[in-house]
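Novice: Got a structure for you, written out below as structure tokens; questions coming shortly.
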Amino acid sequence: MGRFILVNLGLLVVAFSLRGSEACCPCGWSSYDKYCYKVFDKRKNWDDAERFCMEQGKGGHLAALGSLEEGKFVGKLAFKKLKEHPTYVWIGLRAQGQGQQCSSRWSDGSRILYENWHPLQSKKCIALSKWTEYLKWYNHICDFTLPFICKFLAEPDDPE
């Protein structure tokens, strides 16, 4: 009996010490590395999708992808949500200025830390392609209406 109480007390201490270390996302959103993500299958052009994402949460934007691992996580979310549907999904990157040069920043203002362009793609508004399981970046005309992926910084699980 004493051992049972001691084990339960130990588990309780571990549970409380871990509390607050996880990110908390709203219902229907998925968390990865302190951020919340959601794939929306409603179709919007790039600018309207970015505006919509900004309305979803504090600091929300179309998803910026900072690493291959994050790209794989987002790709899996999109593939699961859009299995039998659209072939492209907007992310938070677009060309800026007169030329076809890509912006040096994502729509949330963060720097581009890695790139995963499909070969032969020029750079306009950027979408992920179903044919690459939503892993490779493709340019698309910004006025096309596509599904999109929003991202924002999660609230700590225990804001105290």
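Including glycine, each Cβ sits where the backbone N, Cα and C put it.
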Novice: Which one, CYS27, CYS36, is listed by Swiss-Prot as the other cysteine in the disulfide with CYS25?
Specialist: CYS36
Novice: Which residue in the list CYS142, CYS150 does Swiss-Prot annotate as forming a disulfide bond with CYS53?
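Specialist: That record, Swiss-Prot, gives the partner as CYS150.
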Novice: DSSP-wise, what's the residue breakdown of the domain 'C-type lectin' (32-151) into helix, strand and coil?
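Specialist: Its residues fall into 28 helix, 40 strand, 52 coil.
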Novice: Would you list, in sequence order, the disulfide-bonded residues among CYS53, CYS125, CYS142 whose CA lies within 10 Å of the CA of CYS36 (disulfide bond)?
Specialist: none
Novice: Measuring Cα to Cα, how far is CYS25 (disulfide bond) from CYS150 (disulfide bond) in Å?
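Specialist: The separation of the Cα atoms works out to 12 Å.
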